[in-house]
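Chemist: Heads up, here are the entries from Swiss-Prot:
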| type | residues | note |
| --- | --- | --- |
| REGION | 1-39 | region 'Disordered' |
| COMPBIAS | 1-11 | compositional bias 'Basic residues' |
| TRANSMEM | 46-62 | transmembrane segment |
| CARBOHYD | Asn144 | N-linked glycosylation site |
| COILED | 184-217 | coiled coil |
| CARBOHYD | Asn328 | N-linked glycosylation site |
Amino acid sequence: MSEVKSRKKSGPKGAPAAEPGKRSEGGKTPVARSSGGGGWADPRTCLSLLSLGTCLGLAWFVFQQSEKFAKVENQYQLLKLETNEFQQLQSKISLISEKWQKSEAIMEQLKSFQIIAHLKRLQEEINEVKTWSNRITEKQDILNNSLTTLSQDITKVDQSTTSMAKDVGLKITSVKTDIRRISGLVTDVISLTDSVQELENKIEKVEKNTVKNIGDLLSSSIDRTATLRKTASENSQRINSVKKTLTELKSDFDKHTDRFLSLEGDRAKVLKTVTFANDLKPKVYNLKKDFSRLEPLVNDLTLRIGRLVTDLLQREKEIAFLSEKISNLTIVQAEIKDIKDEIAHISDMN
């Protein structure tokens, strides 16, 4: 550009000098014009190159700006999505807060109705009934064991009395045979026979008394065992009925708990829970009635158990009495042996 300006400035100064040349040399003017046209072509190319460079720079700048704009658009869309998600979360949080408020209101209403306290009382009463039933079963097992031991003791006593009676009978027969053999002895032998007869009469009386006592004991024990078995069967039936009622109560309680847990935070379901609680009231009243009916039954069972204990003590006393009688029989047997020894000694002396 500086060269072009210098050439433009030098152009008019050299024009008057060139006019005589033009006039003198007419053939040299086209060469000068051609040389001036080559000077003008260089700035045009420079301008075109500069315009191309600027266009390329602008294109590159526009391309970078478009990339940045695309990135900004993506970020804007991501922000839109995040704002939508944030709005959805806010709506969910608002719904959860509303449900929480409703649930708190429902819990306050339920606390006002005191259903949970009634359910806890029901559970405690059911546990008490379970403990009562377990105690009754344990007492029944104890009674059965005592009955078996009684029957075993009675059989042992019967066997011992029969064996003792057989031994006494054999000994009496042996004594009678010995007395018959020694019938020709002196008055001492007669006195001995009289004493032996008296002893035999005493033994017969003792045997009769023992047989009577054993028969009375057996009859009374049989009657008592029959009554005990009847009472035990009745108690087992009552216990089974109580167990059935307990299972029914458990099933009802499980159903009610399932219903109570399935309640949600709507007014209609709250009303259903209220009606359910109103339905539970007569059932609780019926349960209280059943428990009030069970209490006299349990008292009767305790009285019967006390009677059984007294009967067992009486039987132990009777067994002790029988053992004393058996000891007396052993003493009588020892006396009979002594008499036999004396009779044998007298026969040896004779």
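Using N, Cα and C of the backbone, Cβ positions are placed for all residues, glycine too.
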Chemist: Between Asn328 (N-linked glycosylation site) and Asn144 (N-linked glycosylation site), how many Å separate their Cα atoms?
Modeler: 34
Chemist: Taking the Cβ of Asn144 (N-linked glycosylation site) as the centre, count every other Cβ atom within 10 Å, in any protein chain shown.
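Modeler: The answer is 13.
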Chemist: Is Asn144 (N-linked glycosylation site) helix, strand or coil when read with DSSP?
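Modeler: Where Asn144 (N-linked glycosylation site) sits, the three-state DSSP reduction gives helix.
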Chemist: According to DSSP, which of helix, strand or coil covers Asn328 (N-linked glycosylation site)?
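Modeler: In three-state terms, Asn328 (N-linked glycosylation site) counts as helix.
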